[in-house]
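K.L.:
Please read through the structure below; I'll follow up with questions.
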Amino acid sequence: MSCERGNEVPPLEEELESAAQLRERWRSVYVIYFTMFQMSLGFSIVLTGVWPYLDKLEGGSSSKEALGLAVGASPLGQLIASPLLGLWANRSGGARAPILTSLIVFVLASLLYANLHMARPHAHRAMLVARTLVGVSSANVAVARSYLSAATRESERTRAVAGLSLAQVLGFVVGPALQAAAAPLGPGEAYAESELAPRLDMYTAPGWINALLGTINVVLFLPFCFKERKIAAREAMIAQGKDTEKEALKALKPDLVSSWTLVAAFFVLVFNFVLLETLATSLTMDQFGWSKRQALEYMGALMSAGALLACVVFALITPLTRFFEERALLLWGGFLLTGLASMLCIPWGPSGPPLAPPEAREAGGGCPARTQPWCVTTRGLTLPQFFLGYTCVSIGYPLGVTLIQTIFSKVLGPRPQGVWMGVLTGAGCVARALGPVFVATVYARRGPDATFGATAAFTFCALIALRLVYARLSPRGAAAPPVALELRPLNCDKATAPTANAEH
């Protein structure tokens, strides 16, 4: 009997971690969720308000080109900083230092955004600086994704990435809702010359909210709360029967073809979502004749409804993966619905959009034919059509972004993923930077037909590319438990054999 006890192999869970370590690991994962939510909110909370805010700062003389630069500055900063922060995390072997540093930068940038009126008449330049710094700080999402991959087992990965994606998408949709909730504060009085007193109005409220949330996030990353517990490499080591984690990682090589295809597809998915969020305020003002305040309130309500729908989608992802392959859900759920959303945003109405008064520049109340000549020739977008398109993207985007990150993480395996997650985040950054530029160069000059026709084409091309590499999108995680460790026959004369073999 004693010999049998000596040959018993402890359950894998007990070999990997204790119950206390499990609790600490998931508490840190929840902190990562909050970080993802906060950084996404920091980007999206200004999307519906940055245009009227900039217009007020510039005394009513701003343009959609200035809007594109202001919104695009954040993803540009994130694009530059993401691989660098990922490399820092890989080299240091920890996530705390790069994330804490980025959060401090985020708080300072948010305070600058809330006080842009102090920089007049150079407020536009100050906004570019503030948004760029927010982008640099939000590069920490690459480190967050890398840490999540290292701190979860393969069997937990889909659920963990679903939670991370839920936090990200909620940040994107709750941000505009908070901006809408600040609408009752009003735009405030006209700016006085050399005004240096802080303000709280519907435009500066996002900056104050971001600064508060960023401060809370800094506290959560202090050692008393955030304890790094990495488990993926150890799981691979035990499952493969290797002596060290380093040997296990060397045995697993990522598939570069499928990895880069997923990066490109992620770019397309994020581009579609950010373009619609960036363009939503201007589009509804042009197509439905809404005022600035109406656009903020109505789009805030619509995006809140989209957030609720996204929550339902995230709750259904894990049950759905029990009946359908993750790859199939990604293609026919995520990308197909996102492509249909773009097609539904192409105006099909029987008449044209309402035209703004001839003397109006770009301040809402109709489509400004003076600056957008296509307003006279294009068809109008109908409300049911717009709502249906937004519903499709509210389902397709959370489904697609969750599964694409899950599959990407599994394809890479348990190796340190800081740089690769920096590349994936960088692809999202390029999408967020090009989305606003697309508004300025395509929508403002060519109209919604060209804009959404192009995004629909991009999405369906990405779907075809993923279908071509479908067989290569399988997880490359830990192998099955080796016979030497799990199925060795009991032999009292060789009770110490596994130990002896392991030493060699």
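Glycine residues also receive a Cβ, built from the backbone N, Cα and C atoms like all the rest.
Summarising the annotation, TrEMBL assigns domain 'Major facilitator superfamily (MFS) profile' to 28-474. According to TrEMBL, the feature transmembrane segment maps to 30-54, 66-87, 99-116, 128-148, 160-185, 205-226, 256-275, 295-317, 329-349, 387-408, 420-444, 450-470.
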K.L.:
With the transmembrane segment (160-185) as the reference, find which of 99-116, 295-317, 387-408, 420-444 contributes the most Cβ pairs under 8 Å.
P.N.:
295-317
K.L.:
Same chain, outside the transmembrane segment (450-470) by at least 6, Cβ under 8 Å from its Cβ: which residues?
P.N.:
257-258, 261-262, 264-265, 268-269, 271-272, 275, 279, 327, 330-331, 335-336, 338-339, 342-343, 345-346, 438-439, 442-443
K.L.:
State the non-local partners of the transmembrane segment (128-148) in its own chain: residues 6+ outside its ends, Cβ under 8 Å from one of its Cβ atoms.
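P.N.:
Apart from its flanks, the transmembrane segment (128-148) reaches 28-29, 32, 35-36, 39-40, 42-43, 46, 69-71, 73-86, 88-90, 95, 98-99, 102-103, 105-106, 108-110, 112-113, 116, 160-161, 164, 168, 207, 210, 228, 230, 405, 409, 416-418, 420-422, 424-426, 429.
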K.L.:
Does the transmembrane segment (30-54) come close to the transmembrane segment (329-349), meaning at least 3 CB pairs under 8 Å for residues 6 or more apart?
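P.N.:
In this chain the transmembrane segment (329-349) does not contact the transmembrane segment (30-54) - fewer than 3 Cβ pairs sit under 8 Å.
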K.L.:
What same-chain residues lie close to the transmembrane segment (295-317): Cβ under 8 Å, and 6 or more beyond its ends?
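P.N.:
Those are 48-49, 52, 158, 162-163, 165-166, 169-170, 173-174, 176-177, 179-181, 183, 202, 277, 280-281, 284-285, 329, 364, 387, 390-391, 393-395, 397-399, 402-403, in sequence order.
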K.L.:
Where does the mean pLDDT land for the domain 'Major facilitator superfamily (MFS) profile' (28-474)?
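P.N.:
When the pLDDT values over the domain 'Major facilitator superfamily (MFS) profile' (28-474) are averaged, the result is 81.
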